[in-house]
Amino acid sequence: MSAIFNFCAGPAMLPPAVMQKAQKELLNWNGLGISVMEISHRSKEFIALTEQAEADLRALMEIPSNYHVLFMHGGGRGQFSAVVNNFLGNDGRALYLVDGSWSKAAAEEAEKLVGKANIDSIELVSAVNCLNRVTLPDLSKIDKDYRYVHYCPNETVDGIEIFDDINSPWPVIADMSSNILSRKIDVSQFGLIYAGAQKNIGPSGLSIVIVRDDMLALPSLPQSSIMDYRLAVENDSMYNTPPTFAWYLAAEVFAWLKCVGGVTEMEKLNIEKARRLYECIDELDFYVSGVAKENRSRMNITFQLTNSQLDSQFLAEAQAAGLVALKGHRSVGGMRASLYNAMPLAGVDALVGFMRAFAAKNA
């Protein structure tokens with residue numbers, strides 16, 4: 001069978017080496033004669049797995065000792081409400097920086113929970129010469145008191161990524177669901193980082209939360225116990241039964257990432273993958289990117305065909321060539337190629353080759 005390259009925005013492809021290992025030990029994990037899906041989450045074998053997973057993630061991201069690492073339910077949307085309920089209390093206010101669909105959704109969820117009067121938002125994206133460009137505000141000039149500032153550094157729908165740090169007098173909370181582990185960051189610049197697993201970590205159903213000690217002292221609102229960060233810390237992410245198979249696969253992805261050189265080497269590869277695809281888009285008049293170069297996402301590359309009537313043909317022929325899940329989000333249309341960590345350079349080269357051939361044939 002010819003190679004299939006999966007460009008889905010999420011759930012996304014997992015490293016083949018991880019999938020093959022999971023397949024091999026599915027019915028007999030760790031020599032126990034049963035699957036990792038079947039053992040108690042409180043068994044010494046599974047506890048050892050969770051401890052290694054946390055240690056590997058801490059090493060990969062250089063997480064300081066004053067941060068807790070939590071493995072939780074709910075994905076990114078679950079964290080939209082968890083952040084509000086854990087930190088705003090009865091009188092807290094928060095600022096949301098909106099650079100695309102997911103940061104907008106987070107702000108709307110916050111407004112629903114505590115009212116618009118307690119949530120401020122700033123739109124970061126404007127169209128300049130038909131290109132979407134991000135302008136970061138000077139937060140030091142805002143004469144208000146916020147519990148936190150929330151933003152999403154990579155917007156999967158819009159193909160926008162913010163590479164600059166957010167300089168804020170208030171704790172910064174980041175939704176890194178789609179670019180965690182794709183490039184080096186300074187974790188100490190954040191009060192909290194959260195990420196749904198289904199893009200760069202593992203399958204859906206799991207979310208990672210990295211929270212600084214002092215954030216847990218902020219007043220909270222009544223909420224579901226399974227989304228309470230303090231309870232999660234006190235119970236080592238096992239207040240209730242966790243998504244064990246997703247946790248196991250996340251542990252395997254972390255181990256794989258360490259084996260291939262860690263985040264430093266992965267960032268180099270991601271830069272090269274994105275460079276090759278954007279170079280193709282820019283060279284050919286057949287395709288167009290709607291994002292300014294300094295804000296183009298490395299993870300989710302959005303583009304349009306100049307003749308949109310060819311969209312269906314492009315997708316059908318790409319699928320036949322083993323290049324799947326290239327259709328853009330329904331809200332924006334066009335195409336989207338998601339180049340998460342597991343996507344090999346060969347997949348990008350195959351896509352670029354197809355795009356050049358398709359353009360030549362249909363120009």
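In case you wondered, yes, glycine gets a Cβ from its N, Cα and C as well.
Noted in Swiss-Prot for the protein shown:
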- ARG42: L-glutamate binding site (BINDING)
- GLY76, ARG77, TRP102, THR156, ASP175, GLN198, ASN240, THR241: pyridoxal 5'-phosphate binding site (BINDING)
- LYS199: N6-(pyridoxal phosphate)lysine (MOD_RES)
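Mapped onto this structure are the features recorded in Swiss-Prot.
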| residue | record | DSSP (3 states) |
| --- | --- | --- |
| ARG42 | L-glutamate binding site | coil |
| GLY76 | pyridoxal 5'-phosphate binding site | helix |
| TRP102 | pyridoxal 5'-phosphate binding site | helix |
| THR156 | pyridoxal 5'-phosphate binding site | coil |
| ASP175 | pyridoxal 5'-phosphate binding site | strand |
| GLN198 | pyridoxal 5'-phosphate binding site | coil |
| ASN240 | pyridoxal 5'-phosphate binding site | coil |
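All protein chains included, THR241 (pyridoxal 5'-phosphate binding site) registers 11 other Cβ atoms within 10 Å of its own Cβ.
Among the residues GLY76, ARG77, TRP102, THR156, ASP175, GLN198, ASN240, THR241 said to bind pyridoxal 5'-phosphate, no two Cα atoms are farther apart than 31 Å. Comparing THR241 (pyridoxal 5'-phosphate binding site) with the residue listed as 'N6-(pyridoxal phosphate)lysine', their Cα atoms are 23 Å apart once rounded. The separation of LYS199 (N6-(pyridoxal phosphate)lysine) from ARG77 (pyridoxal 5'-phosphate binding site), Cα to Cα, is 14 Å. In sequence order, MET238 constitute the residues six or more apart from the residue listed as 'L-glutamate binding site' in its chain with CB-CB distances below 8 Å.
Of all Cβ atoms in the shown protein chains, 26 besides its own fall within 10 Å of the Cβ of THR156 (pyridoxal 5'-phosphate binding site). Counting in whole angstrom, THR156 (pyridoxal 5'-phosphate binding site) lies 10 from the residue listed as 'N6-(pyridoxal phosphate)lysine' by their C-alpha atoms.
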